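Trainee: Supplied in structure tokens, the structure appears directly below.
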Amino acid sequence: MARFVVVPLFVLLSLFGLEAIQHPPKIQVYSRYPADNGKPNFLNCYVSGFHPSDIEVDLLKNGKKIEKVEHSDLSFSKDWSFYLLYYTEFTPNEKDEYACRVSHVTFSTPKTVKWDRNM
């Protein structure tokens with residue numbers, strides 16, 4: 001009888017332990033194709049390795065939030081950290097600046113990573 005109580009208790013304690021673990025997200029901003037001014041492309045923000053799962057991700061154009069953005073489903077790795085991909089269509093040019101802004105419990109303020117057209 002004690003064994004039937006100990007196993008579920010161990011599982012519950014393990015789940016609570018996972019919530020206590022915090023890992024900051026790694027943020028990568030890149031385009032699907034090499035940047036070519038005036039040619040349609042996709043801007044991607046890949047956020048990975050974070051825990052817990054609550055996260056806010058915005059793609060920015062000249063510091064303002066881009067409204068038409070899609071994203072993958074929240075997924076997790078073998079180590080129980082999470083990852084997501086946010087993306088939108090865009091047409092690069094010389095004057096506009098693009099970035100990805102991420103808010104997560106591990107950051108005291110949101111972190112913004114700029115798109116480097118040469119990457």
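Cβ from N, Cα, C; glycine included.
Dumping what Swiss-Prot says about this protein:
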- Cys45-Cys100: disulfide bond (DISULFID)
- 25-114: domain 'Ig-like C1-type' (DOMAIN)
- 1-20: signal peptide (SIGNAL)
Trainee: Quick one, of the disulfide-bonded residues Cys45, Cys100, which Cβ has the fewest other Cβ within 10 Å?
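Mentor: Relative to the other disulfide-bonded residues in Cys45, Cys100, Cys100 has the fewest Cβ atoms within 10 Å.
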Trainee: Could you break down the residues of the domain 'Ig-like C1-type' (25-114) into DSSP helix, strand and coil, giving a count for each?
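Mentor: Secondary-structure breakdown of the domain 'Ig-like C1-type' (25-114): 0 helix, 50 strand, 40 coil.
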Trainee: So what pLDDT does the domain 'Ig-like C1-type' (25-114) average out to?
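Mentor: Residues in the domain 'Ig-like C1-type' (25-114) carry a mean pLDDT of 97 in this prediction.
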